[in-house]
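S.K.: Annotated active site, proton acceptor per Swiss-Prot: K184, in sequence order. Marked as active site, proton donor by Swiss-Prot: E191. What Swiss-Prot lists as NADP(+) binding site is 10-15, 33-35, 75-77, N103, 478-481, and the listing cites experimental evidence. If you look up Swiss-Prot, you'll see N103, S129, G130, G131, H187, N188, Y192, K261, R288, R447, H453 marked as substrate binding site, on the strength of similarity to another entry. Summarising the annotation, Swiss-Prot assigns N6-acetyllysine to K38, K59, K309. Marked as phosphoserine by Swiss-Prot: S57, S129.
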Amino acid sequence: MAQADIALIGLAVMGQNLILNMNDHGFVVCAFNRTVSKVDDFLANEAKGTKVVGAQSLKEMVSKLKKPRRIILLVKAGQAVDDFIEKLVPLLDTGDIIIDGGNSEYRDTTRRCRDLKAKGILFVGSGVSGGEEGARYGPSLMPGGNKEAWPHIKTIFQGIAAKVGTGEPCCDWVGDEGAGHFVKMVHNGIEYGDMQLICEAYHLMKDVLGMAQDEMAQAFEDWNKTELDSFLIEITANILKFQDTDGKHLLPKIRDSAGQKGTGKWTAISALEYGVPVTLIGEAVFARCLSSLKDERIQASKKLKGPQKFQFDGDKKSFLEDIRKALYASKIISYAQGFMLLRQAATEFGWTLNYGGIALMWRGGCIIRSVFLGKIKDAFDRNPELQNLLLDDFFKSAVENCQDSWRRAVSTGVQAGIPMPCFTTALSFYDGYRHEMLPASLIQAQRDYFGAHTYELLAKPGQFIHTNWTGHGGTVSSSSYNA
């Protein structure tokens, strides 16, 4: 008999926790896993005493669902998603809903949306952020796809999502086709940027100011009471304080080689593809790549010389505040770039994205959750057509207030030989964005010189001109510009 409100396939920890979260909010969930024994284990242990039901086959699972049937896939992105869809389609009716809650590539989601729409099935690709704890007690959810599905899943999704402010859910409809997974991808890219910025602040504290672990932990705790109030700053303080079983701090013992699952890389690739200068996320990805060359770096450290022993002789408290402001200003740049990419994607794909709503979705339940995101929502509330966060009065003033400190932190770090790829690229972007004139005129002249690619004159935009730079070349009369 149909009794379940929704089914979930994939009983890894995230799947189990999402099921328990839905159960807590009064929804009856049917659990299924490819390895069927996992269903029995889950019902006998974690789900014991709940209303969760299990199924031993996909056919049984579908038979237990109320119509329209709602099925969440929480399996490994890629082929596994397509395999389950292929098995589910013959068992479903027109108007039934399949939701992919994994870290799928947004183009795959768009393809699945179109394929399933032709078969009468409503497909949703939803970003899910917040990790295992978020899944259990309130994630950030970013659903997109076939909007006809939204009225049938809205109550469940907004019910289980994290809440902020006066109980606003960190979940709303994002947009058509792959929009939900694109927004999740950008979220993950921003997460890479936030983490790298914090690492660079930590590096300056440790190697320029010579601060001890507990001293740095206290600084991050203090910063968490300022504009930087966020989950990542909070856990950084906890990590710095944490002691191993031998009573010594754990962090200095951890191998400095950062892993990555690839979602930050996807964001950087998309930025290149759509011609958006998302420089900070790109540098954050490359910083992880460089960190992974541990053995090479050990060899290089013995052969490549940097500045002579740097001795900081300034005011320590004042420079610590410079680092904090540099971190805040760089964070603003990172989010400005992330929203530039969202805006360009919306143009490319014809999506109508609610940028303030996206900021609210990230305000709680996810890894980048912070008070700062509320300010972004406010900016888009003031001007839904805002071209760039830096042009909003609040963020313009915030960056101006940080600018002197930002430049001091970066220049001091450079003099000390500290790698700060994200601090420096953020500052370079800011300086580039605020310059009416950039030296790209020389690039255009060079391109025309060696390849007759033509250029425009400031006084005659839209007219493409070729110059015979050497006296040996020809002329270009065509106004087509394709290089």
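The backbone N, Cα and C atoms fix where each Cβ goes, glycine too.
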S.K.: Let me spell it out: for each of the binding-site residues (V13, V75), count the other Cβ atoms within 10 Å of that residue's Cβ, using every protein chain shown. Which one has the most?
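M.R.: Top count of Cβ atoms within 10 Å goes to V75.
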S.K.: Taking only the Cα atoms, work out how far N103 (NADP(+) binding site) lies from the residue listed as 'active site, proton acceptor', in Å, as a whole number.
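M.R.: Here the two Cα atoms are 8 Å apart.
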S.K.: For K184, H187, R288, K309, listed as recorded positions, tell me which one has the smallest number of other Cβ atoms within 10 Å.
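M.R.: Output over recorded positions K184, H187, R288, K309: least Cβ neighbours within 10 Å is K309.
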S.K.: Please name which of the recorded positions listed here, G130, K184, H187, R288, H453, is nearest in space to N33 (NADP(+) binding site), Cα against Cα.
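M.R.: Closest recorded candidate to N33 (NADP(+) binding site) by Cα: G130.
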S.K.: The record lists N103, S129, G130, G131, H187, N188, Y192, K261, R288, R447, H453 as binding substrate. What's the largest Cα to Cα distance among them, in Å, rounded to a whole number?
M.R.: 49
S.K.: What kind of secondary structure is Y192 (substrate binding site) part of, going by DSSP in three states?
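M.R.: DSSP assigns Y192 (substrate binding site) to helix.
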S.K.: What's the CA to CA span in angstrom from Y192 (substrate binding site) over to the residue listed as 'active site, proton acceptor'?
M.R.: 13
S.K.: What are the sequence-distant neighbours of the residue listed as 'active site, proton donor', meaning same chain, six or more residues apart, C-beta distance under 8 angstroms?
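M.R.: Looking at Cβ-Cβ distances below 8 Å from the residue listed as 'active site, proton donor', excluding near sequence neighbours, one finds L232, G264, I367, I368.
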S.K.: To the nearest whole angstrom, state the Cα distance for the pair H187 (substrate binding site) and S129 (phosphoserine).
M.R.: 9
S.K.: Give me the non-local Cβ neighbours of G10 (NADP(+) binding site): same chain, 6+ apart in sequence, Cβ-Cβ under 8 Å, ordered along the sequence.
M.R.: N33, L73, L74, V75
S.K.: 10 Å Cβ neighbour count around N103 (NADP(+) binding site)?
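M.R.: Other Cβ atoms found within 10 Å: 19.
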